[in-house]
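Have a look at the structure below, then the notes.
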Amino acid sequence: MSEARLRPGRGPGGAREPQDKESESENRLDGETASDSESKSEFGGSSPVPTSDDTPEVLNRALSNLSSRWKNWWVRGILTLAMITFFFIIIYLGPMVLMTIVMCVQIKCFHEIITIGYNVYHSYDLPWFRTLSWYFLLCVNYFFYGETVTDYFFTLVQREEPLRILSRYHRFISFALYLTGFCMFVLSLVKKHYRLQFYMFGWTHVTLLIVVTQSHLIIHNLFEGMICCLQGSPLEEALRKTRVLLFLSSLSLELSYVMSGYRCFTCPVEFNNDTNSFTVDCEPSELFQLQEYNVPVGLHSVLGWKTVRMYPFQIHSIALSTFASLIGPFGGFFASGFKRAFKIKDFANTIPGHGGIMDRFDCQYLMATFVNVYIASFIRGPNPSKLLQQFLALRPEQQLHIFNTLRAHLAERGALGSPEEA
């Protein structure tokens, strides 16, 4: 009877059996990330991972006589001016260069976040972790940007036989690539590291969701026109930190007014069949044509105007700048909480005095999603060129059916004059 009352897994003396000890150590090994109390073992010690000084040697020599505090201020100031200058240069070079920069920023941000996970669990030597992370990045980029190329450059895709085949079976190829990575992950599972490996699998996919999806939306915004991408840009983010909503809104109105007058900012990126090149030239839509608005009666005495001429897009810019000022900072708060959770100061040391690329673009990803949703909800309308491209890709009998249907519809509305004209 006494033996029957003994707890399972314990010997007659009340001691835990060796097999149960092994099971407990396995659970403890796999569950080290379950609580903050074990964060010391995760980082290899109680103190944060030390960061190296990546300040250029030229600046180190020039600022060697200053205290560390003033040296840091000068380094941050100089590199801030350098980043602003670089920002204006890439805008001058056009949307295609800007898209390339977005891709580079995406890859670097992904690298910084994945490196944090790799360093935290480096002692476990997880098999294929980095390889699979970069493989999944390749798969997701192939899927998203393949869809974009097919959607925006349909004519170019239909001209080239290899591109036409890739476009037709794009989603199947994307699924096959992802499925290959999924099977590789299952084959890489190792005893005693199951929970940790699934944790890092989730780490990789959440990183892809945050970084790749948002950068894809930024490129979508660029295809609508650079003015849509520049709303909530790094320049506005710097001004946003003043938390002065009225000032930011007025500045956004002025910037939108200036940019709305230039086709390079307002026209979408399109492929020109005649020149075999990408062009940014179009007739401005109503959104970018000056219109006259009546000023509310209550503001007549304040402004001294009864009407005001402005671009319709300026009204939208107020909504975008309001989001950038009020909600945009939460992207930075999220990034700060992430860094505190892993006891690190910055995501990386890419930019001396500023941290990593992710430290500079933490709010941009949230802003990019809002701009894309806002454009789709309130600005974007049917695109005649896309409809025409899809129409020309149909079979002759399908084109004829659509032609007859459209002709009958226009004749019914009186747009064609008379049935004989039709």
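Note that Cβ sites are derived from N, Cα and C of the backbone, with glycine treated the same way.
In TrEMBL, the feature transmembrane segment is placed on 244-262, out of the ranges 111-129, 244-262. Annotated by TrEMBL as transmembrane segment, the relevant range among 290-312, 313-335 is 313-335.
Below 8 angstroms of C-beta separation, residues 107, 110, 163-164, 166-167, 170-171, 173-174, 177-178, 181, 184, 204-205, 208, 212-213, 216, 219-220, 223, 269-271, 273, 386, 389-390, 393 of the same chain, each at least six residues beyond the ends of the transmembrane segment (134-157), sit close to that stretch.
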